[in-house]
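Peer 1: Structure in structure tokens, see below.
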Amino acid sequence: MGFLDRFRGASYFSPMTQVVLVGFVCFLCPGMFNALNGMGGGGQVDRTTGNNANTALYCTFIIFGVLGGAIVNLCGVRWTIFGSGLTYALYSSSYIYLNHTGNGAFTIAAGAILGIGAGILWAAQGMIMVSYPREEEKGRYIAVFWIIFNMGGMLGGILPFAINYHSTKDSLSDGVYIAFVVLECIGAALGLALAPPAKVVREDGSSVVLVKYTSVRIEAVEILKLFMNPMMLALLPMCFASNFFYSYQFGPINGSIFNIRTRGFNNIFYWGAQMIGAYALSFLLDNQRMTRRTRGIIALAIVAVFFNVVWGGTLKLQQKYTHGPLPNGETTDYPGGLIDFLESKRAAGPIILYTLHGVGDALYQNLAYWVIGSLTNDGQKLSRYAGFYKGIQSLGATVAWQLDAKSVSYMNQLIGNWVLLVISMFPMFYVVYTLKDHSEEPTDTKPTNYYDEEEKA
């Protein structure tokens, strides 16, 4: 069956429809957030407030990422995603206040609130994306989600590029932030359109969940067990490194050597390239002519080679400058000053390199989700695994954003990113090597508050 054929004839209660819906939620909420972050400092000249807001965000994300799976299991996916989506709109609106007052306190507080919402949203998203499809379709479903999700980043790049095309300011205008807020509110409302998990049925007639009993006590115990799970412990470096590179890519690269309209232009390609990377990798991850272990090892080898080549090129670029525009009015020390996309000779190399970082992000994170989804087919376990992944990922992001906020040299940030990514490959290899062709299935079938409530809703 072809890639696009998966969409044809899909009913509302099919796994593909649900993955597409949650993809559009993330298109409009995290996708817009990614676009805003991709501008460097939330589109502000001084990245300090944006960096501190991201630190606050990821501090709460650490906690609610880990707890998110339990919250989703107890409360259901629709209302948790709706409430979580509104925290993205609150965060974007805080930059309008920052534009007019210069006071970053509201933005930092909004970042902390967003961390709560994001932790819960991504746990719900991860559960839907990796537990709804059949085993042989997981790579494709992850790619479908990733493509739709990153369309949001592309749109979020087009908006500031178009609105600020003739602007001479180095900060985004209110109009851009207002557009983000409106889109994020629509995304939050779309979460209410999701079907209850108990009603979702695969093409072969099987339900996506075997209804299980859960409670606060059970979820608390299961969360603690995550930190004693050998597979989860082996994946800690992968989780920690998987968003660590964003602060370097968005700040020291995109936010430091390009002018404001070119940053938006670059993000169109950065997020667009993610769609290509996810689509290409899905063919390998779902190739049934090879064992799951073989597919995983080949994918990991591709990611390792690709990352080392791209970060090698980044090292060559980084040797040309030490800082970007500063709050005191001093411009970047990149040769020739800030790059505009119309300066084709100066712009081509750095823009292509930044785009390749987008491809690398998609390859790494799609592989990470596929590995996690290969450990089990149990939806409740996968919601906890996804929450664990996002929580530890946020711990890494917290450290990374503070490195830039504390003005750690760009070269040291680059080296730190590169070393972390290389280290993460070794335990990932161990986990991939232990993968079996068929994951464990859920066995407990006692009724639960969560699914009963979702059925009645």
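Placed from the backbone N, Cα and C atoms, the Cβ positions cover glycine too.
Annotations for this protein, taken from TrEMBL, read as follows:
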TRANSMEM  12-33  transmembrane segment
TRANSMEM  53-72  transmembrane segment
TRANSMEM  104-130  transmembrane segment
TRANSMEM  142-163  transmembrane segment
TRANSMEM  175-195  transmembrane segment
TRANSMEM  226-248  transmembrane segment
TRANSMEM  268-285  transmembrane segment
TRANSMEM  297-315  transmembrane segment
TRANSMEM  415-433  transmembrane segment
Peer 1: Answer with yes or no whether the transmembrane segment (12-33) touches the transmembrane segment (104-130) by the criterion of at least three Cβ pairs under 8 A, sequence separation 6 or more.
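Peer 2: When sequence-distant Cβ pairs are counted, the transmembrane segment (12-33) touches the transmembrane segment (104-130), since at least 3 lie under 8 Å.
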Peer 1: Which range out of 142-163, 175-195, 226-248, 297-315 gives the transmembrane segment (268-285) the most CB pairs under 8 Å?
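Peer 2: Highest pair count goes to 142-163.
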Peer 1: Go through 53-72, 142-163, 297-315 and flag the stretch with the largest number of C-beta pairs under 8 Å relative to the transmembrane segment (415-433).
Peer 2: 297-315
Peer 1: In terms of Cβ proximity under 8 Å, which residues at least six beyond the ends of the transmembrane segment (142-163) contact it?
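Peer 2: Cβ under 8 Å, 6 or more out: 6, 16, 19-20, 22-24, 26-32, 34-36, 38-39, 43, 125, 129-130, 172-173, 175-176, 179-180, 183, 260-261, 263-272, 274-275, 278-279, 281-282, 285, 362, 365-366, 369-370, 373.
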Peer 1: Other than its close neighbours in sequence, what residues sit by the transmembrane segment (297-315), given a CB gap under 8 Å and a spacing of at least six beyond its ends?
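Peer 2: Result: 253, 281, 284-285, 290, 353, 356-357, 359-360, 363-364, 367, 370, 414, 417-418, 421-422, 425, 428-429, 432-433.
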